[in-house]
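> Here's a structure for you.
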Amino acid sequence: MKCLFLLCLCLVPIVVFSSTFTSQNPINLPSDATPVLDVTGKELDPRLSYRIISIGRGALGGDVYLGKSPNSDAPCANGVFRFNSDVGPSGTPVRFIGSSSHFGPHIFEGELLNIQFDISTVKLCVSYTIWKVGDYDASLGTMLLETGGTIGQADSSWFKIVKSSQLGYNLLYCPFSSDDQFCLKVGVVHQNGKRRLALVKDNPLDVSFKQVQ
């Protein structure tokens, strides 16, 4: 897994200097791009808030939420977690901020996007709402999802929603590029008794999206 991360880092210079994609000039989506749908079959709207729900029963289920990272000295909650069961609290609402806003109020499969927890917060914690991928955690052998990212920049904050081979959708982390070969899957690891979203080689998290009323 660590080798895969290092490979992605080696490819970064190639992608960063590519003329086909920058944060100011994202790759255009094809005209037949497929909108992402929520649990009711409606297209995701970047102006609305949604809960990310793990598809599964019991310990395989549970909403995604913002929580305090173990051993973190950050002044605000900065970890992206999944509740331990589908019977429990509701997750933290999120907004999806697409890179192709000129296509209208839609979020498309395979579109580069940012994910932001849509919550009221103090000024100090505003920057701790945007998802990103943190540094390599040697104790867990992977990179953990956290907050503190940036919107619209080619950095550690780019994600995609793609159709799952099982049910629902998967989340991908795509550093600096819209090409799927540079993307890594988002799954779950166990950290201090909690289920933490992280980059995984196998068993990505299958999710659905439910609009927050």
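Using N, Cα and C of the backbone, Cβ positions are placed for all residues, glycine too.
Values in this document were obtained by computation on a predicted structure and should not be read as measured data.
So Swiss-Prot says this about it:
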type     : residues      : note
SIGNAL   : 1-22          : signal peptide
MOTIF    : 25-30         : motif 'Vacuolar targeting signal'
DISULFID : Cys76-Cys125  : disulfide bond
DISULFID : Cys174-Cys183 : disulfide bond
> Are there residues of the same chain, six or more positions away from Cys125 (disulfide bond), whose CB falls under 8 angstroms from its CB, and which are they?
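Listed in sequence order: Pro75, Cys76, Ala77.
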> May I ask which residues of the same chain, at least 6 positions away in sequence, place their Cβ under 8 angstroms from the Cβ of Cys174 (disulfide bond)?
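Sequence-distant Cβ neighbours: Leu112, Trp158, Phe159, Lys160, Asp180, Phe182, Cys183, Leu184.
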> Can you tell which of Cys76, Cys183 has the most other C-beta atoms within 10 Å, given these are the disulfide-bonded residues?
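Max Cβ neighbours within 10 Å, all protein chains included: Cys183.
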